[in-house]
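Novice: Pulled these features from TrEMBL for this protein:
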| type | residues | note |
| --- | --- | --- |
| COMPBIAS | 339-373 | compositional bias 'Basic and acidic residues' |
| COMPBIAS | 448-457 | compositional bias 'Polar residues' |
| REGION | 296-412 | region 'Disordered' |
| REGION | 445-466 | region 'Disordered' |
| REPEAT | 3-45 | repeat 'WD' |
| REPEAT | 46-87 | repeat 'WD' |
| REPEAT | 88-129 | repeat 'WD' |
| REPEAT | 130-171 | repeat 'WD' |
| REPEAT | 172-213 | repeat 'WD' |
Amino acid sequence: EEIMAHSSNVSSVVLGKGSGRMLATGGDDCRVNIWSVSKPNCIMSLTGHTTPIESLQVNPNEKLIVAGSRSGSIRVWDLEAAKVLRTLPGHKANICSLHFHPFGSFVASGSLDTNIKLWDVRRKGCIFTFKGHTEAVRCLRFSPDGKWVASAADDHTVKLWDLTAGKLMFEFTGHTGPVNVVEFHPNEYLLASGSSDRTVRFWDLEKFQVVSCIEEEATPVRCVLFNPDGCCLYSGFQDSLRVYGWEPERCFDVVLVNWGKVADLSISNNQLIGVSFAQSTVSSFVVDLSRVPKSDSIPHGLMRDDQPLVPPTPTGSSLRRIYDRPSTSCSKPQSRVKHNSESERHSPSSEDDRDEKESKAEIQNQEDYKEIFQPKNAICRTPPRNEPFPAPPEDEPGTAKEAVKPSQAADVQTSLPKQELVRTLLFLLELLSQFLLQPDPVQRPPIASSTSLTRTEPSVIPAARNEPIGLKASDFLP
């Protein structure tokens, strides 16, 4: 499907990774437009930047979007509230790459000025700056556990940075051209990088060495994406989508897609969605992954005729470490991290207020806006997942094995407490019947005695008397 996205040339396109149906485009008209992948009408238009948009990124839950401009300014919008949230000045040149932290309210930005900055969106400030690249930083990615950030640059290198220590961990060299994209494996200590030298390289993040390299492709690598279960890597080229394995290096399948400048990939409901742009138009493509082999396939073009076909080694080897994901949000940086000065961390309030007043969000399609960003039922925010929804806390283990439909959710939630109440009442009645059939002389209450019911009112007892009066054992014993 093709849409006319802007009145001038499109400069940046990104897909929402949560639902797979949200699309954001940035153009030379200094606007950021929000779309639904399957619909031709613009949902919302975000204004405020005074120079063309160079980079876009949507946070994991699709509530925030960040846009970087050619002047080096960064703006963050709240999509649900339809307003600008933060303005983050600091870079001195084009913003080439952006990425949201997987847990906390942090954003990493890479620029043509060769610097990488980590921002705290809540406090409007830069936490610290990474310096080391010698040319433009084209891609940034946080690790799944949120402890590292990987950067790819035009200087032919991939660098791995430790956020806790605030320093460079390792520099990967081997590409002979600008590195366009990097992507972390969803589970293992593995990193993939794609370059203009037409190669895809896989790096071991525990041993800090190359695992494999896939070479001799026809066009530069524009984007890469791991399958959610980590079984393979999807790589987008100008004329095709290729499916790779890395131990050993294999090409499981080649899907011919004439999408040109493919800019981003996303997976939803076992479908791969790709978006590309040319001049003022944006095109979207859908690939059915159920028809694409991801393993145990005859390799294409990577094995010589004199080599026997050996089944590929299963990916996800237990010998490689996996990420430890924290159960809470990202913790604050340790004291040993060298922070920027207060003057660099916070921009002047007057400048911030002026920029935020000039920025605005124009909702152009109210119906689609409410459907995506303000749904009535939270369960409809994202498409159904393959795995069943978790059972309610009061449920016994194994009682709910099927996903609950939204229309049935209310019935399940009201019926479960009633069942628990009935079981509790039956238990109490059983205890009461046992108590009445086998009374205990010590615990038997006085009201159960017929004598106590016919007893006359006791006389007034002086307050100074220390001994009880008028109490008979026969009144309490059967």
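Cβ from N, Cα, C; glycine included.
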Novice: Is it possible to list how many residues within the repeat 'WD' (130-171) are helical, extended or coil according to DSSP?
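Specialist: Secondary-structure breakdown of the repeat 'WD' (130-171): 0 helix, 23 strand, 19 coil.
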Novice: What mean pLDDT does the predicted model reach across the repeat 'WD' (3-45)?
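Specialist: Residues in the repeat 'WD' (3-45) carry a mean pLDDT of 89 in this prediction.
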Novice: How many helix, strand and coil residues does the repeat 'WD' (172-213) contain under DSSP?
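Specialist: Looking at the repeat 'WD' (172-213) with DSSP, the answer is 0 helix, 24 strand, 18 coil.
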